[in-house]
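Take a look at the structure below.
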Amino acid sequence: MALPDDEEGTTVANGHPPANGYLPVPGDAPAGKVSAETQNGPKAGCLALNGVSRDSPKAASGALDRPKTPLAPEEETQAQLLPKDSGEQTPAVEGTLVPRTALSARRFLVLLIFSLYSMVNAFQWIQYSIISNVFEGFYNVSSLHIDWLSMVYMLAYVPLIFPATWLLDTRGLRLTALLGSGLNCLGAWIKCGSVQQHLFWVTMLGQCLCSVAQVFILGLPSHIASVWFGPKEVSTACATAVLGNQLGTAVGFLLPPVLVPNTQNNTQLLACNISTMFYGTSAVATLLFILTVIAFKEKPQYPPSQAQAVLQDSPPGEYSYGKSIRNLFKNIPFVLLLITYGIMTGAFYSVSTLLNQIILTYYKGEEVNAGRIGLTLVLAGMVGSILCGLWLDYTKTYKHTTLTVYILSFVGMVIFTFTLNLGHIIIVFVTGGLLGFFMTGYLPLGFEFAVEITYPESEGTSSGLLNAAAQIFGILFTLAQGKLTSDYSPKGGNIFLCVWMFVGIILTALIKSDLKRHNINKGVTNGDIKAVPVDSPTDEESKTILMSKQSESAI
């Protein structure tokens, strides 16, 4: 069978094989009133429901006369969200099929470009704090000034998240991506002009622009995954998009100590090294901005999943950003997830920001190894992210996976805390890797779990609120842990984080798991209302009730 031409190249999504009962729609017949013969089966309408043609008297009378049995929660969700009238679909050319969903080959390019410019943005977040003592000496400022170069990322996110998510929901993915990549590029170039000891304010200005760019980046992984990827790959795609940001943090831990070694006795050489790092970052950011302009598209020609098809079929006038926000805050499971995600991610931000100070307290002169420990933490987390994404795509056990990873992150934090002062830095490498594997691996879990329990609300809005909570907790945790670390010891600051993570475990256990998006995809796959396989004349009672109610509405 020939698919419609598409410059991107599309393939029919899994779950809709043409050879398994799809029926052609003649171009001269109205949709919803066509009868055809299946390859090896009885006559049935192209839009047959449960083996009965929609235009048959039996179907119509069954829809009207059937007792109105109460629907189960999942069926009620499906009845509210599925298109009410499939007969309005545009008919295809005679003898061809209109694929309800399709996967675009361009999705991999979009994911790659986003992951790369997200990586550069994350690199610029951590490039100061991992060599904080070097920048303190170069700019003649306190450690708190250098900490704020990291915390400004968290501070800028909170007031800007609402206009950023509004822009994503109303103006679309491409414009949001261009703003994120463009501001990231501009901030990198401004920092190139700050390589003089009295120009700390210029480097802060450049970092502020990069922090604004981050607002248009952090909320996109789940949105890109949902808009471009099919239901069997959406969690892996989200994890891969998050992985780009983690990779940037890893490179930020690794490269600055190598590119800018501690040469406080030679200010000119130090300035040259800093300049090399800044100009290299700017060149890469510029290339990625150009690629974003050229290759980043709003959405594929066909929706990749039934859940997306339902959303795209909804009239635009029905969407209200303010109502969406209110709905999210009325959703108790989401509010609990908001708090628990903020605690976990805020703890990760705090540890990442203060890692140099924590390591140098016990291991003097080990700036390079501090960066390598940070690299180990993030690389292990990248592996954890991908494995968690694959596991979710395979099992769809969102709450159990989230709670398990949360508990293991807490255990990892406890082990990391009480092995720091043993005097063997190799142990810190091992415990840091263990901590990173679970703590960083949690990030895509939170995104995907939020999308599931808040569907059909915008993925960008739910992700944006999660990140806002993470930034708020990140600022508070960094200030509190930094104070405890400087006044007492790193162990005191880490114990503070352990207590909060334990609270997060309790709250995660209270989250009710209602997988609305998964239920829609599963329900439509089993009973598509546009072009369904004609299998057995009998079906599950619940699906018959659901489809009958839709027929009744149409009649």
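Placed from the backbone N, Cα and C atoms, the Cβ positions cover glycine too.
Quick look at what TrEMBL lists:
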- 545-555: compositional bias 'Polar residues' (COMPBIAS)
- 110-516: domain 'Major facilitator superfamily (MFS) profile' (DOMAIN)
- 1-92: region 'Disordered' (REGION)
- 532-555: region 'Disordered' (REGION)
- 108-128: transmembrane segment (TRANSMEM)
- 148-168: transmembrane segment (TRANSMEM)
- 198-222: transmembrane segment (TRANSMEM)
- 276-296: transmembrane segment (TRANSMEM)
- 332-351: transmembrane segment (TRANSMEM)
- 371-391: transmembrane segment (TRANSMEM)
- 403-420: transmembrane segment (TRANSMEM)
- 426-451: transmembrane segment (TRANSMEM)
- 463-480: transmembrane segment (TRANSMEM)
- 492-511: transmembrane segment (TRANSMEM)
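The largest share of C-beta pairs under 8 angstroms with the transmembrane segment (371-391) comes from 426-451, of the ranges 108-128, 276-296, 426-451. Only residues 6 or more beyond the boundaries of the transmembrane segment (463-480), in the same chain, are considered here, and those with a CB under 8 A from a CB of the stretch are 147, 150-151, 153-155, 157-158, 161-162, 164-165, 168, 218-223, 328, 337-339, 341-343, 345-347, 349-350, 353-354, 446-447, 450-451, 493, 496-497, 500. Contact check: the transmembrane segment (276-296) against the transmembrane segment (492-511) gives fewer than three Cβ pairs closer than 8 Å, residues 6 or more apart, which falls short of the contact criterion.
The stretch in closest packing with the transmembrane segment (108-128), judged by the count of Cβ pairs under 8 Å and taken from 148-168, 198-222, 426-451, is 198-222. Taking every recorded stretch in 148-168, 198-222, 492-511 and counting its Cβ pairs under 8 Å to the transmembrane segment (426-451), the highest total belongs to 198-222. Sequence-distant contacts of the transmembrane segment (198-222) (same chain, at least 6 residues past either end, Cβ-Cβ under 8 Å): 114, 117-118, 121, 124-125, 128, 139, 141, 145, 148-149, 152-153, 155-157, 160-161, 164-165, 167-168, 173, 176-177, 179-184, 186-191, 238, 241-242, 245, 444, 447-448, 450-451, 459-464, 467.
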